[in-house]
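Quick look at what TrEMBL annotates:
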DOMAIN    61-170  domain 'ABC3 transporter permease C-terminal'
DOMAIN    546-651  domain 'ABC3 transporter permease C-terminal'
TRANSMEM  20-38  transmembrane segment
TRANSMEM  58-80  transmembrane segment
TRANSMEM  100-126  transmembrane segment
TRANSMEM  158-177  transmembrane segment
TRANSMEM  198-220  transmembrane segment
TRANSMEM  232-259  transmembrane segment
TRANSMEM  292-313  transmembrane segment
TRANSMEM  537-561  transmembrane segment
TRANSMEM  596-614  transmembrane segment
TRANSMEM  629-651  transmembrane segment
């Protein structure tokens, strides 16, 4: 029999195993080709390159995606080779050399790769337009995307997967040459370890794993404390080391120990559910610890990155509003021609004017003692005040008397990193005039633009009208004296108003500072600021979501492949259980428990890892945590649930076929 006939017969015989491996390859090629096609799509690239990081973003994402695919395919190939170990052993028994077996399997792999690349490129070609439309939808761009076939993407994909094929062939050759004939027949049936009793050392190590994870979580909550700012990088390394190391120890020792305690409490009275759920998990935990740790860490990292990117994108409107708290912000007497144009075009709007008066103060007077190492602790700066009567146009029920003040406009990452305390006294000055203010309350509502406060989220004092008039005697010492907020009554007028704003003098202002120097400011509208945020963050959220999906599909598929492999290994045990009278329903109850652990525990720990990672620094990316976090987590939970259902379905199929 020729080698080619043997190859086709072998592939036909192993079709039930090949479809899984073939799917993994097609999925990998589809992901890669569709993403690279997007990168070489002229309409898309010209649209997103305004962000300034389009090329670098696509390039970095491509390398990360290739790493994911490499890891995915190598792991799938490893499982596939393990399932064919007995077949490889039989080839050696009939006299085939290891070199000939390598040639046989290499030809099979080449045929599989060629077929998978062809199908994957075809699927990727048809899906690339949909992916392009999703990206442009995120960026809020109205651009017609044509379905074009990129020869550059084709060449790049062929080269990349040819390299991957060489790596797979090297892995296959190494696996065949390193194992003995005897081990090939027992590779699929080896128990990892017999769990009889746990030594005190193993118990201590298992408990240490939980302690390390808890410490990593605690340290993450203190990561951006100002007292730790000088050791930020070191603290990040420590958190990563303790969390990853603790996760491994939990899977390697803690889980098996807990399950062993549960088993011992039953005093040998194990149900079929215990046999099918607890025992396999315990005996396989030694080899599964590394893969479960890797899956858990990848889940946590990918979910954390995706969530942070989504927080930034989700908060783009709130971030724009913190800098521009109105559709249009006019300063001093600037922009009167813009208001006349709005009236001439019958565009209705609401107008709120705020009088401004600066004071000089040291914000440390409102900071806690433990923040004394902050670089802002003793820094003196300008804080603007507004009179109560102006503030009451927005909040009519607000009242203050004497030197009581309300600190408002203070939010975002500044409020998170440098929290201020109310019911404190603050000494301020304006020229030779000094006043002691009492901070009655602290609010985070945005009312004054970032142009005045030197960035969104800067503090503003609401003072009594009498105190404001007193401070206004020193008005010449500070550059800003008036702000007018314009809010359109109908968003249907927004497009025309934007054009009128750009044509007017409202979008630029020149002022004189206290030293007599001129300063030029470009004033954006709220819509322009919001769209600018989306353009800069849209590509980031798209690439991270795409890579997050790839990570999720990879980890979920690996768990699914692993469960398929274990189901095949346990087929004989199911046959015995069915023959002695256990029904399919009895056996499936144990399988449900087992799958709840195999998919639920890595997902749960991964969610906890990502939650504490995101919680430590989410305020650097946006102003909203809860909604983006829950949406991202829900997507991950739903996709993991799909893989768990598929896994249970495969077990059910194996159990039915066991008789």
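Numbering starts at 1 and runs along the chain as displayed.
The backbone N, Cα and C atoms fix where each Cβ goes, glycine too.
Not measured: the values here are computed from a predicted model.
With a cut-off of 8 Å between Cβ atoms, the residues of this chain six or more beyond the transmembrane segment (100-126) that come close are 3-4, 6-7, 10-11, 18, 21-22, 25-34, 37, 88, 91-92, 147, 149, 154, 157-158, 161, 164-165, 168-169, 172-173, 176-177. A contact between the transmembrane segment (232-259) and the transmembrane segment (629-651) is absent, since fewer than 3 of their C-beta pairs, 6 or more residues apart, lie under 8 Å. Residues in the domain 'ABC3 transporter permease C-terminal' (546-651) partition by DSSP class (helix H, G, I; strand E, B; coil) as 96 helix, 0 strand, 10 coil. Helix, strand and coil residue tallies for the domain 'ABC3 transporter permease C-terminal' (61-170), in that order: 93 helix, 0 strand, 17 coil [DSSP].
Beyond its flanks by at least six residues, the transmembrane segment (58-80) meets 17, 20-21, 24-25, 28, 31-32, 35-36, 38-39, 160, 164, 167-168, 171-172, 175, 543, 546-547, 550-551, 554, 557-558, 561-562, 565 of its own chain at Cβ-Cβ distances under 8 Å. In summary, the transmembrane segment (629-651) does not lie against the transmembrane segment (20-38): fewer than three C-beta pairs, each 6 or more positions apart in sequence, are under 8 Å. Long-range neighbours of the transmembrane segment (292-313) within the same chain, counting only residues 6 or more positions beyond its ends whose Cβ lies under 8 Å from a Cβ of the stretch, are 138, 243-244, 247-248, 251, 534, 537-538, 540-541, 544-545, 547-548, 551-552, 554-555, 558-559, 601-603, 605-610, 613-614, 617-618, 621-622, 624-625, 628-629, 631-633, 636. Along the domain 'ABC3 transporter permease C-terminal' (546-651), the predicted structure has mean pLDDT 85.
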